[in-house]
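Novice: The structure that follows is given in the form of structure tokens.
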């Protein structure tokens with residue numbers, strides 16, 4: 001594999017260079033992980049779309065989270081597999097900035113969806129009589145659209161701030177491009193980028209965390225006053241959300257570690273942190289919700305039974 005790109009408008013992905021010795025193994029692992037992620041996620045999305053009884057706010061939000069996971073893993077995994085097969089380690093300047101934009105949108109969209117899910121559960125448990133009027137399908141779609149528009153604008157500003165900087169290097173530590181990696185390549189004062197990125201991401205994360213924590217706390221307090229059966233259902237839903245949110249927080253922790261070590265981290269460590277952050281959550285979300293959400297689990301099993309009957313009839 002060549003360690004230099006042919007044009008001045010390209011970047012070298014050092015993470016791809018570092019794993020060239022076991023490129024076939026990594027390619028197979030990426031293919032299996034990505035295939036299973038797509039299979040489980042698309043199954044969940046199809047069942048939610050096909051079943052009229054699942055056209056409710058909670059399942060729309062689950063579908064949105066799963067769809068965002070597909071988006072996050074698809075930003076770099078297909079290209080990574082192609083690069084490993086073609087012995088290529090280059091990405092164009094336009095491709096790099098586009099990838100950095102998508103990588104930035106993925107995590108803040110994820111925490112936005114978790115925040116809306118926490119609000120949905122809070123209304124359902126704490127204000128059940130008002131739930132049908134407060135949380136309609138239209139309301140959920142409006143909240144999701146608003147969050148995505150805000151997220152797109154916030155990340156676009158960060159990318160434009162990087163685009164104005166002269167970049168003195170072409171070696172990207174990792175298997176994909178992101179905003180901070182591009183900032184590291186600049187050879188002029190980039191304090192504005194650090195300030196904007198830190199303030200924007202930290203403020204967004206703190207606000208969402210406070211809203212989620214408040215919602216979960218109120219739900220826990222209300223559950224103490226509910227009957228055992230109602231409390232059991234509410235706690236089950238709450239635990240499911242917390243499990244998935246914990247997976248997301250682990251990803252955020254690895255992002256923090258990756259940026260904290262900055263230029264000093266090895267490309268191999270960067271690869272590990274990238275995969276843990278952007279591959280593990282999308283892989284686990286459909287599994288956790290598919291197993292722990294009873295109504296969704298039942299519909300998925302019914303869907304597979306219908307498919308099996310159709311296959312056997314052909315034979």
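The backbone N, Cα and C atoms fix where each Cβ goes, glycine too.
Grabbed the feature section from TrEMBL, which reads as follows:
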- 23-47: transmembrane segment (TRANSMEM)
- 40-289: domain 'G-protein coupled receptors family 1 profile' (DOMAIN)
- 59-77: transmembrane segment (TRANSMEM)
- 97-119: transmembrane segment (TRANSMEM)
- 140-163: transmembrane segment (TRANSMEM)
- 194-217: transmembrane segment (TRANSMEM)
- 238-261: transmembrane segment (TRANSMEM)
- 267-289: transmembrane segment (TRANSMEM)
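Explain the structural surroundings of these features, please.
Specialist: Long-range contacts of the transmembrane segment (23-47) within the same chain, counting only residues at least 6 positions beyond its ends with a Cβ under 8 Å from a Cβ of the stretch, are 1, 54, 62-63, 66-67, 69-70, 73, 77-78, 80-81, 84-85, 87, 279, 282-283, 285-287, 289-290, 296, 299-300, 303.
Confidence annotation: the domain 'G-protein coupled receptors family 1 profile' (40-289) carries a mean pLDDT of 84 in the model.
Sequence-distant contacts of the transmembrane segment (97-119), counting only residues of its own chain at least 6 positions beyond either end whose CB sits under 8 Å from a CB of the stretch, comprise 58, 61-62, 64-65, 68-69, 71-72, 75-76, 79, 91, 140, 143-144, 147-148, 151-152, 154-156, 158-159, 162-163, 176-179, 181-182, 201, 204-205, 208-209, 211-212, 215-216, 241, 244-245, 248, 251-252, 255, 277-278, 281.
Same-chain neighbours of the transmembrane segment (194-217): 108, 111-112, 114-115, 118-119, 121-122, 154, 157-158, 161, 179-180, 183, 238, 241-242, 245, 252, counting only residues six or more beyond its ends whose CB sits under 8 Å from a CB of the stretch.
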Novice: Cβ under 8 Å, sequence separation of at least 6 from the ends of the transmembrane segment (59-77): give me the contacting residues as numbers and ranges.
Specialist: 30, 33-34, 37-38, 41-42, 44-45, 48-49, 99, 102-103, 105-107, 109-110, 113-114, 116-117, 120, 137, 140-141, 144, 175-176, 244, 274, 278-279, 281-283, 285-286, 289, 293, 295-296
